[in-house]
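S.K.: If you scroll down you'll find the structure; I have some questions about it.
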Amino acid sequence: LEKLLSSSSSSSGSSSPLDALGGDHSVNKRDTFDHSCKGIYDRELFRKLDRVCEDCYNVFREPKVATECKSNCFVNKRFNVCVADLRHDVSRFLKMANSALS
């Protein structure tokens, strides 16, 4: 913080206060997902599984629905109910969820 404050008050000509912090500020893309998901990171797979939970939330409009649906990396009773309620192929989505977990 001191480095940031001193750089903004000095006449060093830094283009941005963030430049003073250094360049190592990468964000791990996997951090946007549940850390219980131990399988191979597959953005498309997670998008499909997450979409089931978001659609289920939109049907029931209860905040806990989306959270419960995503718990344990989509391997839970709520996810199964959501898949069935949305009239998706249950066995297909269960295989997808299990592959995200292992």
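Even glycines carry a Cβ here, placed using N, Cα and C.
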S.K.: In Swiss-Prot, Cys82 is listed as disulfide-bonded to which of the following: Cys37, Cys56?
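M.R.: Answer per Swiss-Prot: Cys56.
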S.K.: Of the residues Cys53, Cys73, which one does Swiss-Prot pair with Cys69 through a disulfide?
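M.R.: Recorded disulfide partner of Cys69 in Swiss-Prot: Cys53.
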S.K.: For Cys82 (disulfide bond), what is the secondary structure by DSSP, using just helix, strand and coil?
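M.R.: In three-state terms, Cys82 (disulfide bond) counts as helix.
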S.K.: Give the helix, strand or coil assignment DSSP yields for Cys56 (disulfide bond).
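M.R.: Looking at the DSSP assignment, Cys56 (disulfide bond) belongs to a helix.
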S.K.: Determine, to the nearest whole angstrom, how far the Cα atom of Cys37 (disulfide bond) is from the Cα atom of Cys69 (disulfide bond).
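M.R.: About 13 Å separates the two Cα atoms.
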